[in-house]
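Enquirer: Mind having a look at this structure? Questions to follow.
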Amino acid sequence: MATPLVVHSVQLCHHHSKQHSFKSQSFVNRDFRTKTLLGVFNGFQNVYNQSYFHKPWAPIRVLEPNSRFLQMGPQETCSSRGISKKSMSSEGSTSTSSSSISQQVIGILHLLVSLGIILAMDKLLKKAFVAAAIKFPSALFGMFCIFSVLVILDITIPAAATSLMNFFEPALLFIQRWLPLFYVPSLVVLPLSVKDIPAASGVKICFITAGGWLASLCVAGFTAIAVRKMVKTEMTDAEPMAKPSPFSPLEMWAWSGVFLVSFVVALLYRTALGTAARTCLPFLLASTVLGYMVGSGLPSGVKKVFHPIICCALSADLAALAFGYLSQSGLDPVLGYYLTKVSSNPGAGDVLMGFLGSVILSFAFSMFKQRKEGLALVKRHAAEIFTSVIVSTLFSLYSTALVGRLVGLEPTLTVSIIPRCITVALALSIVSFFEGANSSLTAAVVVVTGLIGANFVQAVLDKLNFRDPIARGIATASSAHGLGTAALSAKEPEALPFCAIAYALTGIFGSLFCSVPAVRQSLLAIIG
């Protein structure tokens, strides 16, 4: 009677083996085709096909841990299968780990290449514009060119446009994650820019800057809403905000280590890397990054009035102050090392500001990514967009000139702060049309305006009940240019296309208006 029992057991084991093997293989084949693993590395996302990690022995994974049925065919016994399972599990673990490391290496290389190409495009455009003596910002021109190329490719060769977007995706996600950080250097060295301004004049300038920002934001936002009502377009609610990915403890510890080591080295060996600026670069850069990480981790309620950009700038200034105190060199020289504006002897600020042009170029990809929704909204709200930007730009120029005269601000200082709501690159070009303008003051006021916007824009927009992403985007970019755009788009990506359009159009219209002699003469007549 024993023999039939054994035969029956083997047949039963074989029968279940075939059933489980068939179902498991079907599951794995389906998984092989469709399942993906979304990996996040240093702020950018890579999609890896999980089929690389599957091996022929994968069907055993669907079994219960204590199952004794045969799984690899009728020739194996249940006991031998247990030994084979352990051996292949060890082999699979090693193979999976190796594949994961290789994918991470490929992902890093992909990031470096795609980001390097964007940086190279920005540098080449700058050189070409300088050689041609064109004052218009090269990055804005590049942004529209990239967007146009993507749109044309999408119409003619959609696969090429998709491939291009996928290739630059790691670089775009890297820029998006660190976007506010690239605007910080001008804030860090702000004490150097305003130290020669009299206190009384400084108070007047602060009043014009803060009040002007709020007034420009209201004018742009309410103009958009008023025109929308006139043309009978409907109000659309903003889409849910996307939350930025948090920084990991490993990143915090890594940058903290860089800061401590490089700070000590810079104290002991002042020119260890050739010059004082290059020697101070690592710890000043690390302090800036750490400040941004800490600021990004603050509660959302705190960040509405204390933006991570402020925490970032304060962190860098405190590091510079500590180094200046311990080295007995003072704060000003260290801040000078932070932003040298010399390509052969860069500081931490020069490295970060080197990404500004790339940020503008990246807006083209973001606009294209949201082209279906964005272009539809632009067509539907073209009147609001252009009317709001033009009215807000003229209001900012003329109201600054008028209020400057009313409060008794010196004419040369008033002229210097006229382009307060226009990005730094264009603002400096605008004040070059006027004699006696202080370009350092211009840059400082533009940065402070952006800082005010970055710090308070969301809270003010909410108080004013600006719910439409178009109104929020136009009002932000028209009043606080790049810094405001960076702050709002980091939390409200649905408003980014309209921020980018308004940011570009405000600079374009501001430059065009001030290039007209009649406009300049009227501004000077108001200033007195």
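Backbone N, Cα and C atoms are what each Cβ position is placed from, and that goes for glycine too.
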Enquirer: According to TrEMBL, which stretch among 309-327, 347-365 corresponds to the feature transmembrane segment?
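Expert: Of the candidate stretches, TrEMBL labels 347-365 as transmembrane segment.
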Enquirer: Can we call the transmembrane segment (128-153) and the transmembrane segment (347-365) in contact, meaning three or more C-beta pairs below 8 angstroms at a sequence separation of 6+?
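Expert: Stretch pair touches.
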Enquirer: Do the transmembrane segment (205-227) and the transmembrane segment (440-461) come together with 3 or more C-beta pairs under 8 Å, pairs six or more apart in sequence?
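Expert: Counting Cβ pairs under 8 Å, at least 3, so yes.
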Enquirer: Is it the case that the transmembrane segment (440-461) and the transmembrane segment (495-519) touch, counting contact as three or more CB pairs under 8 Å in which the residues of each pair are 6 or more positions apart?
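Expert: The transmembrane segment (495-519) and the transmembrane segment (440-461): touching, no.
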Enquirer: Under a Cβ pair cut-off of under 8 Å, which of the recorded stretches 281-299, 347-365, 385-406, 495-519 contacts the transmembrane segment (173-193) most often?
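Expert: Maximum Cβ contact count belongs to 347-365.
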Enquirer: Can you find at least 3 Cβ pairs under 8 Å between the transmembrane segment (385-406) and the transmembrane segment (413-434), where each pair is 6 or more residues apart in sequence?
Expert: yes
